[in-house]
Amino acid sequence: MMVLASKSPRRKEILDKLPVDYRVISSDMDEKKITADNPVKLSKKLAEAKGLKVSNNSKEYVLAADTVVSFNGVTLGKPTNSEHCRDMLMKLSANKHQVITGVSLCLNGDVVYTFHVITWVYFRPLSNSLINWYISTKEPFDKAGGYGIQGKGGVFVEKLEGCFYNVMGLPLSRTAELLGHHGLIDWGK
């Protein structure tokens, strides 16, 4: 048994693809208090902070992750309102950007291992009407970069280089490798 330190339904959906027993405990962290000088470091620091917060109160392995969207080296967080979302999507329109997920495994208040995965996402040109429609769905407001590739926001994506699940919030292959290395996956199931 392990703990997933996340309230993200997308991370739970991805982790459910693996034969691993886990329970969910949200870290309920104020992510704005954590800063870093680049998006890769930020994703890893956030994942570690979430994992450590939950690990301090658990005797089980704790898996935590954080996903950031980076455009020209600038981190795009979750949109705070419709105008902020529109600005983000206009920046991403007809451009490529990075989606970076930091993943951390913690135990007894210590970081066991942390890694990151980068996926390049290429957006097609987005019209104002398409952006307005997407904002009206309310889908973008809990997602880094203001879109969800697995939902209606997938219509923006022309192509990607790297792991699809990374863009959703948890790189499946690398996570399976990490959990398997620590005996947390039972492939016999």
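Any Cβ shown, glycine's included, is placed from N, Cα and C.
Lifted from TrEMBL, the feature list:
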{"type": "SITE", "residues": "ARG10", "note": "site 'Important for substrate specificity'"}
{"type": "ACT_SITE", "residues": "ASP66", "note": "active site, proton acceptor"}
{"type": "SITE", "residues": "THR67", "note": "site 'Important for substrate specificity'"}
{"type": "SITE", "residues": "GLN150", "note": "site 'Important for substrate specificity'"}
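All features noted in TrEMBL, drawn onto the structure.
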residue : record                                     : DSSP class
ARG10   : site 'Important for substrate specificity' : helix
ASP66   : active site, proton acceptor               : strand
GLN150  : site 'Important for substrate specificity' : coil
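Listed in sequence order, ARG10, MET168 are the same-chain residues at least 6 apart in sequence whose CB falls under 8 Å from the CB of GLN150 (site 'Important for substrate specificity'). Within 10 Å of the Cβ of ARG10 (site 'Important for substrate specificity') there are 20 other Cβ atoms, across all protein chains. Sequence-distant neighbours of the residue listed as 'active site, proton acceptor' (same chain, 6+ apart, CB under 8 A from its CB) are GLU31, LEU42, SER43, LYS44, LEU46, ALA47, LYS50, THR101, GLY102.
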